[in-house]
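Database features (TrEMBL):
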type	residues	note
TRANSMEM	20-41	transmembrane segment
DOMAIN	21-242	domain 'MacB-like periplasmic core'
TRANSMEM	281-303	transmembrane segment
DOMAIN	287-403	domain 'ABC3 transporter permease C-terminal'
TRANSMEM	332-356	transmembrane segment
TRANSMEM	376-399	transmembrane segment
TRANSMEM	420-442	transmembrane segment
DOMAIN	479-582	domain 'MacB-like periplasmic core'
TRANSMEM	657-681	transmembrane segment
DOMAIN	660-768	domain 'ABC3 transporter permease C-terminal'
TRANSMEM	710-728	transmembrane segment
TRANSMEM	743-763	transmembrane segment
Amino acid sequence: MLRNYIKVAFRNLRRNKLYAGLNILGLSIGLGSFFIIYLFLQNELAYDQFHEKKDRIFRVVQVSEIDGGEEKTSSLSSAFGPVAKDEIPEIEAFSRLDNSQVSIVVKGVQDSIGRVHSAAIDRGFLEFFDLDFVAGDVSGALKTPNSMLMNESKAIQYFGSANEALGKVVKVGRVDLIIDGVYKDLPNTTSIKAEIIALLTTVNAWRGENGFNQWRASYGDQTYFLLNKGDQITEVESKLNDLYQANAKIESMSLTLQPLADVHFSLDVTGRVTEKTDRQYIFIFTLVAAFILICSVFNYISLALSQSIERTKEIGVRKVSGARNKELYTQFLIESVIQVFFSFLAAIILVELLLPQLESLIDRSLAISVFEQPEFLFKGLIFSLIIACLCALYPAYLSTRLNVVKIFKNTSSNFSTKRLIGVVSIFQIVVFIVLICVSFTANRQMDFMRNENLGFDKDQQLILHLSRKVGAEVFKNEFQSLPGVKSASLTSSIPSRVSGWGKFSDYDFGFHNFDIDEDYLQTLGMSLIEGRNFVLEDTDSSRVVMINETAVQKLGFKGSAIGKTIRRNQEDLRIVGVVNDFHFVSKKESVEATLFELLDRNASLLVLKLDNESTVSVVDNIKAKYSDLTSGDQANFFFLEDQINAQYKQENVMITMLNTFTVIAALVAFIGLFGIAGYSVKRRLKEMGIRKVLGAGFFSIQKVLNVSSVWKLLIAVIISVPVVVYWMDNWLSSFAYRIEMPVFLIFGAIAVASVVIFITVSIHSIKAYLINPVEILKDE
């Protein structure tokens, strides 16, 4: 019996090749897109979940009250962690973490100079973050100050094997370290990128004892705690704040504990986490995946319904021959399972082929293959079979309700079928319009953020980290004399990387602090609105400062701000200049009050403005000069434009994916509309034949067929426009600087939908018009 069902199913597929092909194509695209988004979201939600003690690991976040709001950072005083561990019994272990990139030189190995992700830690790190050692062991790791760990990939790259790496000497920055352990590469789903691991107190020994003991100073270190129990957060937070205020005495600051699982999603927390994701995008892509899959399923159901109408006589014959409802259900189910199974196979092949393209598109390694995940394949197959059952259920239900007498009298009603197909058409048009509007609006907002004036010149700005082997002034004088260098400036802060903050004594708002020299404004292309710049004659004791326009507004000065005095930490600061507002963080945030102070020559960064021409040769000269000045050290630098663009990397990745899956969703919707339009035209073939016999031309027939499509489009517009306006306005409100809701884009999306509908109907209309009326009406 089963063999007969399968034979009939394949016969029906061959008889209706077009609709069977549309069904399989639509479902394979829908399932493939759903699987890809599922794997991507699974990868995102798996961040930091591989640590066994993850539920008890917390990061300390420092919250500052600035401008009536809150600013969060993971950078904390280096003195805090050790004291908290000693004084708070609920803390089982602690580790500070300086997660950055460093230069390394492997002694005795050619071409070994490079930059790697490093984690400078306390040894307590090994007690709660899981490392799988392949050479050496955790008990003997990092026992001596000059020891380090290396991951397996780097060990093989430099030494050929993990065991050969043990005992080898590597120069990390300015320190020689000995490898005493090799660990397996950390998964891609980790917030802590570490190709090498060393002790914080060794690799950052240049800070000195005072640098590690200062409660008011931060070097960008994060602090992690392992609690005895994961439910002690409130109690521990209270003790942490009491301890912090007792030592740092900064009332405008407080501390909170952030679960490790939230670190990857903490966009509002500044600090050295390389990859972050907005939870809102997780929600958006979940909806997109659901839309694509629902459209694919609806396509299948609507096309199955249209075919069931053509098969009413077959169903009538089966009923007269004694077929029971159970057998009819079985026939529809087997046909559905066959089509969905072929769709599943095609979807898996699509996923495997497109995953590398997706990784390239979003510039992120997902490190996944469907053929290496049998659990995923099994779940995907079960999921597909469930869809097959759902797809078969409703068409089979309607078919079993057909009255045999009415079938052979051609009087059976298909009202329910036509109504459902109409609803499906409207839903697909709504999804089509909404996704196009969302995609275009998101792209316009990102273009606005990237191209709007930042208030400074980010192009051709090379930022060089300075070595303490040579004085900062020597670096500046040597580099600004190089050909191709237009100007140079010493600083501790640049846009996108601010080193300090503070509060004025008599005001409730805070400010960001820039320590700069007299050439900073010229080098970065910033302008004075009022007053003067710093000059060489200004000294630290003169306490002259400059502020930005936002600070002037918040200070509420009447008239000119020049010459006015502001008080900070019991000292008076005299304003000599007002600088234009500029965006030193992402444009998602508003410009905040900024204070510029004259650098005390203890600079950490050198800004070099380069000519637009011969950038490569200028950079080579900078590398050579740096090596000469520092006795062979490698220059550590980056371009400011890259740093600025990195602020929008996450948005760029997500919008690229959104654009891709919007196109896919539009394709799925087009397939569905094409199939439904074909059904509508086929259902009215006799009417078209009669009209043609009576002299109706093509455009007359086209007009008749388009009437129902126009009504569906109008209903879809009424539904989709409020959804788009609400959703996009809500999303845009998260940006401090945003575009207005582009109304013309909504009309553009409606126009595109209209063209798509017109094309689908026209294709079938042309085919119907070319059929000889005699062929259509010969049975009447």
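The chain as shown is numbered from 1 upward.
Yeah, the Cβs are placed from backbone N, Cα and C, and that goes for glycine too.
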For the domain 'ABC3 transporter permease C-terminal' (660-768), the number of residues DSSP places in helix, strand and coil: 94 helix, 0 strand, 15 coil
Long-range neighbours of the transmembrane segment (281-303), counting only residues six or more past its ends (CB under 8 A): 19, 22-23, 26-27, 29-31, 33-34, 37-38, 40-41, 44-45, 336, 339-340, 387, 390-391, 394-395, 420-421, 424-425, 427-428, 431, 435, 438, 654, 657-658, 661-662, 664-665, 668-669, 671-672, 675-676, 679
Residues from the same chain, set at least six apart from the ends of the transmembrane segment (20-41), whose C-beta lies under 8 A from its own: 12-13, 282, 285-286, 288-289, 292-293, 295-297, 299-300, 303-304, 339-340, 342-344, 346-348, 350-351, 354-355, 358, 366, 368, 370, 376, 380, 384, 387, 657, 661, 664-665, 667-668, 671-672, 674-675
For the domain 'ABC3 transporter permease C-terminal' (660-768), the mean pLDDT of the predicted model: 80
